[in-house]
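Taken from TrEMBL as is:
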- 320-371: domain 'RING-type' (DOMAIN)
- 417-439: region 'Disordered' (REGION)
- 45-77: repeat 'ANK' (REPEAT)
- 78-110: repeat 'ANK' (REPEAT)
- 112-144: repeat 'ANK' (REPEAT)
- 157-189: repeat 'ANK' (REPEAT)
- 194-226: repeat 'ANK' (REPEAT)
Amino acid sequence: MGQKLSCRVSPEHVLFTASQQGDVEMVEALLERDPSLLSQTTVYDKLSALHIAAACGQIQVLSLILDRSVHPDLLNRHKQTPLMLAAMHGKIECVQRLLQAGANVLMFDSIHGRTCLHYAAYFGHSDCLQAVLSAAHSTPVADSWGFARFVNVRDGKGATPLHLAARARHPECVHMLLDNGGLVCASTSGFGCPGSTPLHLAARGGSLDCVRELLAWGSDRLHRDSSGRIPYMVALKHGHGACAALLNPTSAEPLVWPSPLKFFSELNPEAKALLEEALMEANRAREKDILKGTAYSSPSPEHTDENLEDDTSEGEAELCCICFDQVCTIEVRDCGHQMCAHCTLALCCHNKPNPSSSTTHFPTPVCPFCRSNIAQLIVARATKITEDPSKLRRSFRRSRNFSEGSSSLKGLSSAMGSFGKMGKGSGRIVDGGDWTNKP
Ligand SMILES: [Zn+2]
Ligand SMILES: [Zn+2]
């Protein structure tokens, strides 16, 4: 107390506090007086004002500093860049601004050898993940490394961003990474149990939605880690009964997102969303039987028959001529024939192929009406995308005779269950955010 007069707060400390709190005027005033303050760092973690602003989401301070030609890739004690910290804390505006300033997406920290993509995936910030992925398309990384290699970049223990997202229970990030070329078959070297695939780690984390996503993308339930365990055994060991039920090799195979559609470059995004929805819905219907014996209760509301209304005022939409059950939502180009999302999937879908035959090519699907090659799938014009897809449901199933229009597809499509809203991500468990958390 007696030293009050001699005790003086250093200007860099004021700068760090102002950066943390977003006090732009203060930051500006300090830098006017002494621009060299920007090279100062905190004593222990070696955090610069740019790191602090990025981690705290102080976009105005961050922009102010970047406008002063500060390099965006400053390193702290752990060789973390401001971009990594912004991605870790989900500060999307700062992520975007740093990328715009040319921040390098392919820097590795010294703790786990992780990139900003690992951070975004592990902490479940899908918006930041998307921003980094989009940026990677146009940065030098894409030229030097290739985009596909970047998506599957490994940390010091051989974990890809997909491994981390699966382990940390973030189904949205899992989905996004798969959609961008994340490999379901990649094995870790040291993360988790060595030799773990993303499916092993999803089983370890216990997220049913992550398991669903990976299975729907063709993840192999029989893949063994280096201890010889399949994902089913990992889920059992950690007490995730529902995940174990889906992963049990003796339970029914899930429908897999069709290989011909995976790299269907002409697949219209809206049509793709409808098809994905139909696939997940079909798998949920299959799961009902599988999960019956477990204590798991569905996080999404059940589609009971009470929801079925004979509302014929929705008469504009045409009924699918294959199943006579669902409304036509997908149109085939160039012929213009229409069918429902379920029948479209049934057309291209196959159950999980034998891993040994996974290299065999899949024939291009053809239109079931005219047998012409499918060049493109789009959302049928008559379809009104309402807020609640169940509104489009029609209860023709009882009034129509199924013997008419018998088709080899009918069995498949009717086996796929009903179309409706899929409560995606509703079972999501928010991760605590302890980033030193070990597998
Ligand atoms: Zn149909
Ligand atoms: Zn046709």
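Just so you know, glycine gets a Cβ as well, placed from its N, Cα and C.
Residues 112-113, 115, 117-118, 120-126, 129-130, 133, 147-148, 151, 195-199, 201-202, 204-207, 209-210, 212-214, 217-220, 223, 225, 424-425, 428-429, 431, 439 of the same chain sit 6 or more residues outside the repeat 'ANK' (157-189) yet have a Cβ under 8 Å from a Cβ within it. Sequence-distant contacts of the repeat 'ANK' (45-77), counting only residues of its own chain at least 6 positions beyond either end whose CB sits under 8 Å from a CB of the stretch, comprise 15-16, 18-24, 27-28, 31, 35, 37-39, 83, 85-86, 88-89, 91, 93-94, 97-98, 101-104, 107. For the repeat 'ANK' (157-189), the number of residues in each DSSP class (helix H, G, I; strand E, B; coil) is 16 helix, 0 strand, 17 coil. For the repeat 'ANK' (78-110), the number of residues in each DSSP class (helix H, G, I; strand E, B; coil) is 16 helix, 0 strand, 17 coil.
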